[in-house]
Amino acid sequence: MTQLEAAFREQLTERNNLLLVLWARLSSLCGTDWAHNNSLINGRALPSLESVATMLPGFTKNLLAAVKTMETMVGGFQSRIKNMERDLWKDYQALEGDLDTKTKKLDRLESIVRNGVASGTLNSSEHSRMVRMEEAYRQLKIENATLRTASNVRSRAAYSAAGEEGVGSPSPSIPTGPRDREKKSRKGRDSERSSTLTRTSSSRGGSSRGGGGVSLGAETNPYETALAERGHGGSGVAEDKTWMLRLRDLETKLKAEREGRNLDRTAARQRLGGLESENRDLRGEVMRMRRGRET
């Protein structure tokens, strides 16, 4: 009798352990919130060997509630799977429609660009703008070359005038090298030429003196005379300043137009790159979805 009682107790403990393990697995599957709300047996004690042995009907109610919760979860899988499949199919159709529209836009844009490049007329407004810019650039080049030659002529004239004035050493009797000797020889030749001209003019009358003065003026440097006339008039400097201001204004305008064209080109390239990357991403996504459907 004692052996039977001991065997019976062992079987009861094994059953209670099995029920506790079953409760732990089912409560973990149902979730922590559900287990926290339904873990008490008859609202009084937590599951244990003693509580299962003393309050088995309440514990069985908790087990049955966990099983029903699992049944509802498993039964809702099919409806959830169908809803997800329906949503995915709608998203796939929307993506496919967007991809088709964007590919059509890209094909149209590529055809327009290729036709424009082939024919050489991308757009009437852009073409006219390019023509105007080329014309303005050509005029600026011509004006720049003209002003550069004029400044070179003026600098040479000023340099020759400064050389004729004999700016050398502080003392006129001290030579400063071969440049000073060259200046002295040039002055000697000019003095001899002027003396011969004065002798010839003295042998003639008053009118011949005037002619000799003209010939002497013809022998002098024309750049020096032009510089002297500009120095007396003062209008050449103002005209040069106006030309330089106009040149700077035109250069700034040309730089601004170039920067605008570069910005337009970079913006167009960025837009094309963005469209190409978006098209590539959409194609990759469509291919992945097709492979998922095939698998």
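Cβ atoms here come from the backbone N, Cα and C positions, even for glycine.
A TrEMBL annotation is a machine prediction, not a hand-curated record.
According to TrEMBL, the feature coiled coil maps to 92-150.
Residues annotated as region 'Disordered' in TrEMBL: 160-219 (among others).
The compositional bias 'Basic and acidic residues' annotation in TrEMBL covers 178-193 (among others).
The annotation compositional bias 'Low complexity' is assigned in TrEMBL to 194-206.
TrEMBL lists 243-290 with the feature domain 'Mto1-like Mto2p-binding'.
Residues or ranges marked as region 'Disordered' in TrEMBL: 261-295 (among others). Note on the region 'Disordered' (261-295): residues 92, 95-96, 98-99, 102-103, 105-106, 109, 133 of its chain, located 6 or more positions outside it, place their CB under 8 angstroms from a CB of the stretch.
For 277-295 (among others), the entry in TrEMBL reads compositional bias 'Basic and acidic residues'.
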| Where does the mean pLDDT land for the coiled coil (92-150)? | 78
